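Peer 1: Found this in TrEMBL, in case it helps:
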type	residues	note
TRANSMEM	69-89	transmembrane segment
TRANSMEM	96-115	transmembrane segment
TRANSMEM	121-142	transmembrane segment
TRANSMEM	154-172	transmembrane segment
TRANSMEM	204-222	transmembrane segment
TRANSMEM	251-272	transmembrane segment
TRANSMEM	328-349	transmembrane segment
Amino acid sequence: MEGKTMQKVKMKRTKMDKFLYKFEIVRLLIAVVIAFGVSFGILAMFTPHPVQAIVDLIIGPLTSVRRFSTVIEKAIPLTFAGLAVSVMFRANQFNLAAEGALYFGSLVAATIAIFMGGHPIFVTIVAILSAGVVGSIITAIPGYLKVKWNVSELVVSIMLNTIILYFGTYLFNHYIRDINSAYAASYPFRDGVGLPVLLKNTRLHLGIVIVAIFVIAVNFFINKTKWGYKITVTGNNEEFAKSVGMNTPRIIMLAQLVGGFVAGIGGGVEMLGLYTRFQWMALPGFGFDGVVLNIIAKGNPKFIPLAAIFVSYIRIGADYMYRQSGVAPEIVAIIEGILIILIAANAFLAKWRHKMTVDISTRELNKEVA
């Protein structure tokens, strides 16, 4: 009898989970339509051909293999950043140090690629893994201050990013800058060091394989391991996690370390995949993009790659629209902003969700009574 009851409860939860899953997809699609609709209205006020501009925005990345490969190429660091933020935020820690971790990870990878001897493949692997380790150290700083002295991880991470940038700039100028270069850049990487290009006449590199591995690994870690479960429980209710004996400070630190490692790897992959010299004179912005992706994906690492491709797609489309129609590509910022507002707003379609949830529960209850 007890087994049948448990089975019924499980079936109910499965049906409800399926509905909520479909609801979030529909909610996202409606938000995208609204965002594009508002953007079209703005374009209609400032350009004589708004329809053509929107068409250019939507089909631009599909007009050539090179442009579409650029969409995938740009999505690689975005995915790394999104995964990193997803893991750290899952512990309910709003740590924004993924930006600094990705930047400094790229600097470390570049330095190793310049000076380390040995086989190029070995040097490349060491450089990328070292970037991940450094990324872990950086994101652990706000996490440690939070669990030790309850210092706001948000404030610390924002300040830390600035410190990391200036410290990195100092190291660049004094140790790896090539004074003979016509522009601000490091010494060139050693011959053969870097990630190979996979598609001829494009810049699509082996990083796509590495990021795919990390997508699978992060999803497995979050959804299939006890540590991922503990991170989720701690993020949902830290007091409950403490009451059942979980070491919440250690769990929070683990989430920050894993997130930083992913961000650092992303920096190393981006640097060794696209560049032959280090030339970032400012924070690249990928870490903050990771927050956007996390919001669009509703914190689910499984959807981070899709969110990254979407954001990358509309940015490449905006660039094409600018070349064809002369419309400023900043229109993408409007689309992203509207999406974030609608997705983050719990009240958006909340009445419909409540109505459908009640209907499903009522139908299941009537079946049991019958």
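Glycine is no exception: its Cβ is also placed from the backbone N, Cα and C atoms.
Could you place these features in context, so I can see how deep they sit and what lies close by?
Peer 2: Outside the transmembrane segment (121-142), and at least 6 residues removed from its termini, the chain residues within Cβ reach (under 8 Å) are 84, 88, 93, 95, 97-98, 100-102, 104-106, 108-110, 112-113, 151, 153, 156-157, 160, 164, 190, 192-195, 210, 253, 256-265, 267-269, 271-272.
Distant neighbours of the transmembrane segment (154-172): 94-97, 99-100, 103-104, 107, 111, 138-139, 141-142, 145-146, 186, 278, 281-283, 287; these residues of the same chain sit at least 6 beyond its ends, with a Cβ under 8 Å from one of its Cβ atoms.
Same-chain residues lying 6+ beyond the ends of the transmembrane segment (204-222) with a Cβ under 8 Å from its Cβ atoms: 69, 72-73, 76, 79-80, 83, 86-87, 90, 128, 195-198, 228, 231-232, 258, 262, 265-266, 269-270, 273-274, 301-302, 304-305.
Listed by sequence, the residues of this chain that lie at least six past the ends of the transmembrane segment (251-272) yet keep a Cβ under 8 A from its Cβ atoms are 76-77, 79-81, 83-88, 90-91, 93, 95, 97-99, 101-110, 113, 124, 127-140, 142-144, 146-147, 189, 193-195, 207, 210-211, 214, 218, 221, 227, 230-231, 234-235, 241, 278, 284, 286-287, 290.
Here the transmembrane segment (328-349) has Cβ contacts under 8 Å with residues 23, 27-28, 30-32, 34-36, 38-39, 42-43, 57, 292, 295-296, 298, 311, 314-315, 317-319, 321-322 of the same chain, all six or more residues outside its ends.
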Peer 1: Given a Cβ distance threshold of under 8 angstroms, which distant residues of the chain, six or more beyond its ends, lie next to the transmembrane segment (96-115)?
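Peer 2: Same-chain contacts beyond the ends: 77, 80-81, 84-85, 88, 123-124, 126-128, 130-132, 134-136, 138-139, 141-142, 154, 156-158, 160-161, 163-165, 167-168, 171-172, 175-176, 186-190, 193-194, 259-260, 263-268, 270-272, 275, 277-278, 280, 283-288, 290-291.
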